[in-house]
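The domain 'Protein kinase' feature in TrEMBL is assigned to 7-253. Residues or ranges marked as ATP binding site by TrEMBL: LYS36, ASP145. Marked as active site, proton acceptor by TrEMBL: ASP127. Annotation source TrEMBL lists SUMO2 cross-link at LYS129.
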Amino acid sequence: MQNDNAYLVKRKLGNGSFGCVYLVCDIKSNQEFACKIVSKSMLSKYQAEGMVRQEIQIQSSINHRNVVKVFNSFEDTKNIYIILEYCKEGQLQLPSQPYTNKQLIQFLNQMLSALDSIHQMNLVHRDIKLDNILVHEDGSFKLSDFGWATQTSQIKPILCGTTEYMPPEVVKNQIHDQKVDSWSLGVVLYILTHCRKPFVAKTDRELIKLISENEIKIDTSLDENLQILIQALLTKDPVYRPNIQQLYFSKWIKFQMKLHNIFNKYEHEKLKHKFINQKIEIKSVDNRAIQQRKKTITSDSSLSHSISTQLSNCDMNESGVVEKQKQDKL
């Protein structure tokens, strides 16, 4: 795009992979923006110019209140400049205490709306993480940084995103789909409810092993249906992981939306494959619970030969360990 505006650089906001982000002011309108300055020499060094141009094209095509808007882009011989919506409160931070149910549903409502819109455009973000969720001065959340985003038709097996937020199929270099965003959103949800990441290791190699093989441990003091939602999002096999639209039918999400007067656009819509069949076991963070005898819950005989049980209703033993799901909705 041709640059018809002049901008005054006010201060540095942060660093990116190929450059820096600055707070700038449009001299004509006096409006503040974030300006992402990308070094062409760095792009050439890492053969990433096509990736950045695709990022601009994709993010510019999205018009959603919870996606950071691209207002302009231009270049000179040294740099590419991207003029972005400025989010005064910065990146979403690791919380010092767990989010309340009200805070969680307000956050999830906005992220689900953004991701549903993106996915309906046949796009996938592939790098959802705290750093890429910005907070506007009005308190709203906005998804940013579409550097790893692509059309679903162009997805190839590749390590993409940030390791701590990658699903098993990505760390294993397998083919993947839009459900990678479900997993990454699940990691963010885990962080907001536990104040820590689900998988932590000293090296990427160790981290990849944990993501591929280890089960997560969920705090059993959380609402039972919230535990199920987190476990569903962090399901290792993407076949059984819910997509974004299916999350609107989560018991926890439906209840919280009603409680806080948030409109659920899919509440009365019949979706094909609305529910996922899966067997879930939620690990307790209370080690004493693991010592206790587990109860076996038998499925309905008419469904005994199905792949697995439904995601939503669960039985818990006296210690609070969720063991298997009954037949029900997510």
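Cβ atoms here come from the backbone N, Cα and C positions, even for glycine.
Locations of recorded TrEMBL features on the structure.
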residue	record	Cβ contacts under 8 Å, 6 or more apart
LYS36	ATP binding site	GLY16, GLY19, CYS20, VAL21, TYR81, ILE82, LEU84
ASP127	active site, proton acceptor	ASP145, GLY147, TRP148, ALA149, CYS160, GLY161, THR162, TYR165, SER184
LYS129	SUMO2 cross-link	GLY161, THR162, GLU164, TYR165, SER184, VAL187, VAL188
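Cβ neighbour count for ASP145 (ATP binding site) (all protein chains, 10 Å cutoff from its Cβ): 21.
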